[in-house]
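Trainee: Quick one: the structure is below, questions incoming.
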Ligand code: BTN
């Protein structure tokens, strides 16, 4: 069989194939770099600060997605002196997703309240990690008739205090 010949004025077939595969590679690279398709993995482990000025430190995430850490809130709904408090949580899809969801509970050591946070660890458009969370703060009440006013809800956004490499 004789090799395919190009029509007069057209590039040879091999050049066309090369140009097409280069274009496909370029498009694939652009798609991977697009926001929402970042190859960088968002890691929970480390030190974080939120929009209220609260600090938290999350330890290593184990192979079941479990982690623990400490939370130092900048604000309180009580008149008590603030103390650093423990947190316990889990991350979903530890191996699959680059922007995982998670949840954790803070058992406040200076009050009888409990807060649960749930959120997602994102890589923003500047390549920075950000934790977008919502929380429920349950305060203690003496009377069951006060139950209706015992839970606050809100949003917190956390950014990394120090990079993992430091
Ligand atoms: C309390 O006041 O009883 C305990 C401290 C609650 C602090 C809340 S939890 C949700 C919000 N985000 C913070 O960083 N601090 C407040």
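Each residue, glycine too, has its Cβ placed from N, Cα and C.
Per TrEMBL, the features are:
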| type | residues | note |
| --- | --- | --- |
| SIGNAL | 1-38 | signal peptide |
| DISULFID | 42-121 | disulfide bond |
Trainee: Taking the Cβ of residue 121 (disulfide bond) as the reference point, list residues of the same chain whose Cβ is under 8 angstroms away and which are at least six residues distant in sequence.
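Mentor: Those within reach of residue 121 (disulfide bond), by Cβ under 8 Å and sequence separation of 6 or more, are 42, 43, 44, 91, 99, 100, 101, 102, 129, 130, 131.
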Trainee: Taking the Cβ of residue 42 (disulfide bond) as the centre, count every other Cβ atom within 10 Å, in any protein chain shown.
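Mentor: Looking across every protein chain shown, the total is 21.
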